[in-house]
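Now, the feature entries from TrEMBL:
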type	residues	note
SIGNAL	1-19	signal peptide
DOMAIN	323-380	domain 'VWFC'
DOMAIN	554-594	domain 'EGF-like'
DOMAIN	653-697	domain 'EGF-like'
REPEAT	734-769	repeat 'TSP type-3'
REPEAT	793-828	repeat 'TSP type-3'
Amino acid sequence: MGPATALCLLLLVLGGSETKRTAESRNDDNSVFDLFELIGFMRKGAGRRAPGVYLVKGPESSSPAYRIEDASRIPAVPDSKFQDLLDAIHAEKGFILLATLRQAKKSRGTLLSVEQKDGSGHVFSLVSNGKAGSLDLSLSVDGKQQLVSVEDVLLATGHWKNITLFVQEDRAQLYVGCEKMENAELDIPIQNIFTRDLASSARLRIAKGGVNDNFQGLLQNVRFVFGTTLETILRNKGCSSSTSAIITLDNPVNGSSPAIRTNYIGHKTKDIQAVCGFSCDELTNMFVELKGLRSMVTTLQDRVRKVTEENEIIAKVVQITPGACIHNGVLHKNKEEWTIDSCTECTCQNSATICRKVSCPLMPCSNATVPDGECCPRCWPSDYADDGWSPWSEWTSCSVTCGNGIQQRGRSCDSLNNRCEGSSVQTRTCHLQECDKRFKQDGGWSHWSPWSSCSVTCGTGIITRIRLCNSPVPQLNGKPCEGEARENKACQKDPCPINGNWGPWSPWDACTVTCGGGLQKRSRLCNNPEPQYGGKTCIGEARGTQVCNKQDCPIDGCLSNPCFAGATCTSAPDGSWKCGACPAGYHGDGIHCQDIDECKEVPDACFVFNGVHRCENTEPGYNCLPCPPRFTGTQPFGRSVEDAMSNKQVCKPRNPCTDGTHDCNKNAKCNYLGHFSDPMYRCECKPGYAGNGIICGEDTDLDGWPNENLVCVANATYHCKKDNCPNLPNSGQEDYDKDGIGDACDSDDDDDGIPDDRDNCPFIYNPQQYDYDRDDVGDRCDNCPYNHNPDQTDTDNNGEGDACAVDIDGDGVLNERDNCQYVYNVDQRDTDLDGVGDQCDNCPLEHNPDQ
């Protein structure tokens with residue numbers, strides 16, 4: 001292969017690559033990837049709540065914002081859209097990510113991630129670390145996780161923040177609002193992380209991270225942007241221009257590869273740009289033509305892709321040096337500089353030929369000329385210097401910043417030696433720019449356009465109408481139009497025809513004969529789907545047949561059923577036959593079989609109750625009767641002695657307290673009384689509860705009476721009545737005045753209007769409080785109303801106090817003759833004759849009258 005041939009192949013490689021990249025750069029259909037839109041959250045009618053999020057109002061009213069409720073429920077970006085994003089990243093060797101967020105204070109959350117579909121981990125994740133104050137890029141490189149952090153990034157403050165992340169090959173640049181953060185370097189280029197085939201093994205998620213790393217807060221406008229520059233993005237945000245800090249030339253992000261530079265700096269938006277001077281019919285024709293052009297561009301892209309693959313193979317054969325450039329048939333190394341002509345200088349930078357015009361300075365003379373072989377003019381000695389004038393000075397600045405102004409320049413004269421004809425000052429007009437005569441003006445919507453035709457010819461589609469923010473156009477920081485520029489609604493055409501399709505064949509049915517050749521049939525239905533709305537019916541047969549059991553029929557001696565029913569009959573080719581064993585539950589030779597009485601053979605196969613074997617013999621087999629009342633157990637049955645031996649019936653006495661059949665309250669204890677008791681159990685409320693056991697209520701004072709009335713069985717009052725003193729134990733429920741409040745907690749037990757603490761008869765109605773003997777015991781309840789006896793002692797408990805009783809001990813002997821006034825002693829025995837009866841004498845056998 002000669003040098004000329006190699007050079008042609010090299011030009012073909014670079015040209016094909018250039019064509020492909022240019023086509024990709026101009027294909028701006030995918031220049032903006034709004035992740036919430038890709039997963040379907042921004043569809044009309046989606047509602048305020050979507051899986052894992054809730055629609056809220058964000059700082060930008062023209063687009064929705066979402067509160068993240070459960071990031072694990074947010075769907076992943078569809079694989080086809082993810083593949084389009086990967087192609088765009090490879091086309092530009094990077095991306096610009098925009099996001100508006102309000103993150104919970106001091107939280108750590110993932111903005112977006114690329115996770116493996118098999119759950120083995122993350123390929124890429126972007127995490128805002130509120131605790132460390134950083135934005136972390138986690139990358140999977142050769143199976144190992146590597147972390148690249150941008151420090152001093154305060155996003156988790158609970159306030160809205162706007163970030164712009166620019167990633168180009170192995171470098172990353174972050175802006176928070178208009179403030180530039182520090183740059184970061186990646187270990188490998190970003191396109192090596194986002195490989196073209198990544199969509200087949202991984203998925204793109206929003207707000208979903210690792211364990212405890214899901215995003216907490218609100219998100220809005222999470223977008224990947226291509227086909228524009230970082231400087232343009234920042235300028236559109238209102239940031240002041242500062243190109244020195246922005247990566248531009250070495251790694252352009254302008255919709256082309258490093259080999260091609262274009263002047264396109266815009267980016268795709270969903271806003272309808274101003275369209276003037278065209279009718280609706282003209283616009284419709286333009287849309288039809290654009291649709292056709294898109295189809296042609298798609299076809300050309302496929303062809304260019306194929307050519308590029310072939311060129312890459314040729315490039316490997318020619319062994320082109322990486323980064324080299326071809327210009328005018330000459331091969332230049334990377335970073336090499338050369339001159340095309342006197343006014344053009346070129347540089348090779350990573351396979352991109354960058355050429356620029358030489359900038360010439362202003363000359364301070366009027367006779368400047370350009371020498372041969374040079375680009376810039378030079379000042380030469382004046383041929384008419386003898387006229388006495390010095391060279392002209394430079395022009396002054398324009399007298400105005402806009403509109404028409406003037407500039408002046410001057411020269412001096414050597415008047416001693418020359419006449420210096422002419423003026424020493426020259427004046428010329430200048431016009432830097434038109435003066436802005438506009439005024440601040442808010443935008444206004446135009447009228448809605450007519451509805452478009454339906455997007456489909458059958459079924460359900462959409463119709464669209466638009467309006468423009470040009471009535472008037474906002475200017476000088478005037479407010480933009482509020483609301484949507486596009487409106488869609490559903491349109492319904494006639495249902496689309498559905499052609500019928502066959503469902504699966506049914507299984508073959510049984511052969512019509514067992515030998516000698518028969519037929520089997522099967523069928524299918526035209527229901528997968530059924531033909532509808534004028535669709536075509538299924539083509540083909542709905543039924544099928546085939547021949548079966550083609551073998552000749554043998555002579556079968558068993559056709560006459562010589563064996564007992566249920567016994568196996570085996571026939572021989574000669575027509576003889578043989579019977580097998582009798583079926584279960586019978587005994588015999590197979591021809592004649594008799595029933596086995598399992599109840600007789602196994603006398604304890606079933607439960608024996610009161611000497612009776614509860615077993616029923618059946619033909620064939622047996623079965624046990626159900627267990628008797630108050631017993632529980634199985635009810636086995638079988639068809640052989642072996643069954644009766646191995647599966648005997650066991651009936652156990654029933655205990656409702658253990659088998660759960662009692663009806664005691666959950667706060668009661670079930671007490672088993674015995675198998676033959678009726679009832680067999682009793683319910684008793686647990687401590688802290690009171691009632692009849694079937695119904696139990698709380699018993700705060702543990703006196704056996706509930707705090708509230710209980711609805712027990714009819715006419716039952718056993719501890720079901722409400723406690724008349726819920727907080728004081730009073731098991732007797734005494735209530736002297738019958739007012740429903742027990743005496744233990746009643747402040748006026750006798751209901752006479754006098755509180756118990758001042759009532760001299762607390763349990764007897766005496767509002768007058770008479771107390772004749774002044775012993776603080778009222779006359780109504782004083783056992784000696786006329787004798788002062790505050791202790792109310794009554795030895796014989798006859799209602800008459802000792803202080804006024806003539807017979808204190810009630811033994812029939814008056815006090816003055818009673819030798820034991822306080823002890824009952826009718827016989828008045830006094831063994832030691834000391835005047836003190838034996839019943840109260842501390843020494844009944846020793847005379848001691850002083851005791």
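A Cβ is built for glycine as well, from the same backbone N, Cα and C atoms used for every other residue.
Counting residues per DSSP class in helix, strand and coil order gives 4 helix, 16 strand, 25 coil for the domain 'EGF-like' (653-697). Averaged across the repeat 'TSP type-3' (734-769), pLDDT in this predicted model comes to 78.
Taken through DSSP, the domain 'EGF-like' (554-594) splits into 4 helix, 11 strand, 26 coil. Cβ atoms under 8 Å from those of the repeat 'TSP type-3' (793-828) belong to residues 782-784, 786-787, 835-840 of the same chain, restricted to positions at least 6 beyond its ends. Within the chain carrying the domain 'EGF-like' (554-594), a Cβ under 8 angstroms from the stretch's Cβ atoms is held by residues 515, 619-621, 639-640, all 6 or more beyond its ends.
For the repeat 'TSP type-3' (793-828), residue counts in helix, strand and coil come to 0 helix, 0 strand, 36 coil, using DSSP. Residue counts for the repeat 'TSP type-3' (734-769) under DSSP, split into helix (H, G, I), strand (E, B) and coil, are 0 helix, 0 strand, 36 coil.
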